[in-house]
Amino acid sequence: MEGYIDCHCHLSAQEFDEDLDEVITRAKEAGIGAIVAVAEFPWEAPKILSLSQKHKDFIFPCLGVHPVQAEPPDSQRSVTLEDLGQVEPVIGDNVEKLVGIGEVGLDFTPFNVKGASDKDVQRQVFARQIDLAKKFDLPVNVHSRSAGRPVIQLLKEQGASKVLLHAFDGKVSVALQGVQSGYFFSVPPCIVRSEQVGCPETEAGEGDPAGESDVRDRLTCTGTCQTGEK
Ligand SMILES: [Zn+2]
């Protein structure tokens, strides 16, 4: 495999439903050699597996449940153990196809957590997915928002070793604890507006917290991770 690898992309997002084949063609033309398709919600798992089947050796599946779940119409809530319960068997049944467990993590944005119990359940769901990753010797693709320190702490407590932190927004001192533990950090497109600075990603298909960039138009972003062979 040659070219850039987009290590964190939401290709199963509904925004891509209309013209996904064209999006993939443009990504290949732009020099993307592979895309890691991450999941947020339980319904995405079969969709991502089928995309990876259709685009073998280009789309690689990474399954898990995100700490924030969306319920139509556009309302958000903190993840539950029931959400994880829907995805765990799919992971177990398809583990030989997966390149990682994700997108998993903690999101303590006040809007998304109603109290201590939501945070506690997020920790339980994250810890169980770290255990799954360890059991199957897979990396975790980790989301952290307003939870940099607790994310690094939980990863260390759980003995996670293969870790990619995406769009990490914690303090530099906390990030350095992750670096010391051998964790990787991928850099999202918003780097162009930030002085914070690893392994770039497009996060295509995911909403931009600042609302300043198109969620679809990132597959040709110049900031993706170049590699030789998988
Ligand atoms: Zn994401």
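Glycine is no exception: its Cβ is also placed from the backbone N, Cα and C atoms.
As recorded in TrEMBL:
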BINDING   H8, H10, E103  divalent metal cation 1 binding site
BINDING   H143, H166  divalent metal cation 2 binding site
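In sequence order, V36, V38, G102, E103, N141, L164, H166, A167, S186, P188, E201, T202, E203 are the residues near H8 (divalent metal cation 1 binding site), counting only same-chain partners six or more apart with C-beta under 8 A.
Summarising the environment of H10 (divalent metal cation 1 binding site), the number of other Cβ atoms within 10 Å of its Cβ, over all protein chains shown, is 25. Rounded to a whole number, the C-alpha distance linking H10 (divalent metal cation 1 binding site) with H143 (divalent metal cation 2 binding site) is 13 angstrom. The number of other CB atoms found within 10 A of the CB of E103 (divalent metal cation 1 binding site), across every protein chain shown, is 26.
Those residues of the chain, other than H8, H10, E103, with a C-beta within 8 angstroms of the mean position of the divalent metal cation 1 site C-beta atoms are C9, V36, A37, V38, A39, E40, C62, G102, N141, H143, H166, E201, E203, G205, E206. For H143 (divalent metal cation 2 binding site), the same-chain residues 6+ apart in sequence whose C-beta sits under 8 angstroms from its C-beta are H66, P67, G102, E103, V104, G105, L106, D107, H166, A167. The Cβ neighbour count for H166 (divalent metal cation 2 binding site), using a 10 Å radius and every protein chain shown, is 24.
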